[in-house]
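What TrEMBL records for this protein:
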{"type": "ACT_SITE", "residues": "12", "note": "active site, proton acceptor"}
{"type": "ACT_SITE", "residues": "227", "note": "active site, proton donor/acceptor"}
{"type": "ACT_SITE", "residues": "230", "note": "active site, schiff-base intermediate with DHAP"}
{"type": "BINDING", "residues": "12, 19, 52, 94", "note": "Mg(2+) 1 binding site"}
{"type": "BINDING", "residues": "19, 132, 264, 285", "note": "dihydroxyacetone phosphate binding site"}
{"type": "BINDING", "residues": "19, 90, 103, 104, 132, 240, 241, 264, 285, 346", "note": "beta-D-fructose 1,6-bisphosphate binding site"}
{"type": "BINDING", "residues": "52, 53, 131, 232", "note": "Mg(2+) 2 binding site"}
{"type": "BINDING", "residues": "230, 231, 232", "note": "Mg(2+) 3 binding site"}
{"type": "BINDING", "residues": "231", "note": "Mg(2+) 4 binding site"}
Ligand code: F6R
Ligand code: MG
Ligand code: MG
């Protein structure tokens, strides 16, 4: 049997209400289009949402960057946009930055994470999906999963993991990438991963080159040249038997870290792990959310999903995130709740400066 490709493509094509969630009719429509147009193309698919983003999780045998698969996703989002426009949902069609499909959905607005691999005798994997944040939000969890023995004991005691992993890091400003081999280059890696507004882990590989994780790392604002919302990234992680155990892949989210995004894409807030049902960011348009859907692949079929963060063991992480949110909200418009001037997605600085320029002495 040929290799399987897992493709996750996501877009915000209209919020319900505001930027909080996705209207059920959009999910229905996405399912309908994938069912009809995906015949003979897809092995399987699941449609879900996190916050105001529709996520298409698809399996097929066409490899990554396949024009037919990308067009299928594009057409699905176009169809959903028609409904979003009829319902006058907020920002209908906002992530579809182009009028016509050009062969590859990358660079056209939607986020893409895909990997091609040989399906193992058992193939557990997790699709993480975030809302109200940016691709660099995965840096810390990916570091913990694949490089931190305090998170992933397998790095220490599993002979299949002990040699470490390779991290492919993208400079999202310069659009250049570099690969670090870890643990040998751990300290070099961290110089970049710590600057998560600029550098983002694109992929992780085993030392033999087997894909272990892949994320969506576009910067939509840089593409559109105007504010169109945060990128709200997705991440796929293969688990077990030489990759992090399911529990090692989930563990980094038990201690919510601060990510850029939240209200008006201009604030730091805790990344709160939630069930799919809980993925409706409402307080101050947040706080930022992450969901995790677990699947077993079986001959290309997506057996699942299992809603991993619905588990009671993440209740305290949610509690902690809410306490962090309370604390940060008290800072109002002050840093470090509000992002530094040059990283905010909204600003009135030029206008205010212009108005006041003669009063500066
Ligand atoms: C965050 C986000 C929202 C909006 C906010 C204002 O990514 O999309 O927080 O920025 O609701 O939206 P507008 O400017 O459309 O009124
Ligand atoms: Mg939105
Ligand atoms: Mg969103």
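The backbone N, Cα and C atoms fix where each Cβ goes, glycine too.
Predicted automatically and left uncurated, TrEMBL annotations should be read as such.
Here the features listed in TrEMBL are placed on the structure.
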residue : record                                        : contacts (Cβ under 8 Å, 6+ apart)
52      : Mg(2+) 1 binding site                         : 12, 14, 15, 16, 19, 20, 21, 22, 90, 91, 131
53      : Mg(2+) 2 binding site                         : 10, 11, 12, 22, 129, 131, 232
103     : beta-D-fructose 1,6-bisphosphate binding site : 67, 70, 71
241     : beta-D-fructose 1,6-bisphosphate binding site : 120, 122, 160
264     : dihydroxyacetone phosphate binding site       : 285, 344, 345, 346
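With a cut-off of 6 Å between Cβ and the nearest atom of ligand 2, the recorded positions 12, 19, 52, 53, 103, 132 reduce to 12, 19, 52.
Highest Cβ count within 10 Å among the binding-site residues 19, 132: 132. Close to ligand 3, meaning a Cβ under 6 Å from one of its atoms, are these of the binding-site residues 52, 53, 103, 232: 52, 53, 232. Secondary structure from DSSP puts residue 264 (dihydroxyacetone phosphate binding site) in a helix.
Calculated from their C-alpha atoms, the gap between residue 132 (dihydroxyacetone phosphate binding site) and residue 94 (Mg(2+) 1 binding site) amounts to 15 Å. Close to ligand 1, meaning a Cβ under 6 Å from one of its atoms, are these of the recorded positions 12, 132, 264: 132, 264. Recorded residues residue 231 (Mg(2+) 3 binding site) and residue 94 (Mg(2+) 1 binding site) have their alpha carbons 12 Å apart, per Cα-Cα distance.
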